[in-house]
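Visitor: Shown below is the structure under consideration.
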Amino acid sequence: MHKTVKALLRQSDRFNGDPTVNLSYLKNQALLHGHSYESDHCLIQQGRRGGHPHEQKQWTLDDFDIGKSLGKGKFGHVYLAREKKSGYVVALKVLYKSELENSGVETQLRREVEIQKQLKHPHILRLYGYFHDETRVFLILELAAKGELYKQLQKQGRFPEDVAAKMTNALLYLHSKRVIHRDIKPENLLLGLKGELKIGDFGWSVKTGVITSRRSTLCGTLDYLPPEMVEGKRHNEKVDVWSLGVLLYEMICGNPPFEDNEGYEATYRRIVKVDLHIPSFVSKDAADLIRKYNSADRLPLREVAHHPFVTRNLRLSDVSPSSQVRP
């Protein structure tokens, strides 16, 4: 029988649960010992036979020291954790099988894991591995030390345009891998130690060319859904392009473009009509791109990399060849 999370919490006094302090210390230790790392979140990648966690034959809860809770979701909790042998810090997502089964989302979780574990991009949250016991499923995730974009957006009100532009690069990569996210919104975007954006929560994501009937499923949050989805029509990867336009607008303006004080039905009508009003303080390039994202004839993502808004806010090296979508 595995030790419970509570028991591990009591035994981890030497792990103070402060991600910033631990990450800074562990990164320096990794460099001193000749280890490499892929981000400032101190990935698990050295110190175990087989290297990365997804290459480990069998993981158990005993391989980790468990720190403080980072948050609670519908099906479980997320904890700060440290892999014992390597000392690297991660986020350990604990899901309860009974709740997954009761909600009928086992297949959805399996698809989420299969998609996310294959993705490697600086603006996409890494899934290093997973394991399970009799009652729980554990996902070993990259730690996003500054939490949800949504909470930061509430505090700051707006984000600089260059931060918003980086989401374009991440979606270019996703679509090059034939993945549709289908739920791009601030609550599903995380921030790394230096404030770098990371797409997380692939619960509604699908592989194009594999899923057919699912592509008419209504999913996501109303404020970010395109007309074809709110009307129950079939859809493709262009739904992410629309959501990116909504996100770009919200990050620059502080609120979603189709939000209406009169409620759900009013928001629905504005989305269907594409009733879009852009404030005068938004730059000309950003306004142009938002309109091209949020229109019936949306700009293909493969053309976005050459749009003035993106080229002005991203270095050429930020838009890597692997991020390009093939015609």
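Quick reminder: no glycine exception, Cβ is built from N, Cα and C everywhere.
Copied straight from TrEMBL:
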- Asp183: active site, proton acceptor (ACT_SITE)
- Lys74, Lys93, Glu142, Leu143, Ala144, Glu187, Asn188, Asp201: ATP binding site (BINDING)
- Lys185: SUMO2 cross-link (CROSSLNK)
- 64-310: domain 'Protein kinase' (DOMAIN)
Visitor: Should Lys93 (ATP binding site) be counted as helix, strand, or coil on the basis of DSSP?
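Guide: Assignment for Lys93 (ATP binding site) reads strand.
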Visitor: Compare the Cα of Asp183 (active site, proton acceptor) against each of the binding-site residues Lys93, Glu142, Leu143, Ala144, Asp201 and report the nearest.
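Guide: Closest by Cα distance to Asp183 (active site, proton acceptor) among the binding-site residues Lys93, Glu142, Leu143, Ala144, Asp201: Asp201.
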Visitor: Between Lys74 (ATP binding site) and Lys185 (SUMO2 cross-link), how far is it from one CA atom to the other, in Å?
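Guide: Here the two Cα atoms are 17 Å apart.
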Visitor: If you count the other Cβ atoms within 10 Å of each Cβ, which of the recorded positions Asp183, Glu187, Asp201 comes out on top?
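Guide: The largest 10 Å Cβ neighbour count belongs to Asp183.
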Visitor: Other Cβ atoms within 10 Å is the metric here; tell me which of the binding-site residues Leu143, Ala144 scores highest.
Guide: Leu143
Visitor: What average pLDDT does the predicted model assign to the domain 'Protein kinase' (64-310)?
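Guide: Taking every residue in the domain 'Protein kinase' (64-310) and averaging pLDDT yields 85.
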Visitor: What whole-number Å value do you get for the CA-CA distance of Lys93 (ATP binding site) and Lys185 (SUMO2 cross-link)?
Guide: 20
Visitor: A 10 Å Cβ contact count, applied to the recorded positions Lys74, Lys93, Lys185: which residue has the minimum?
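Guide: Lowest Cβ count within 10 Å among the recorded positions (Lys74, Lys93, Lys185) is Lys74.
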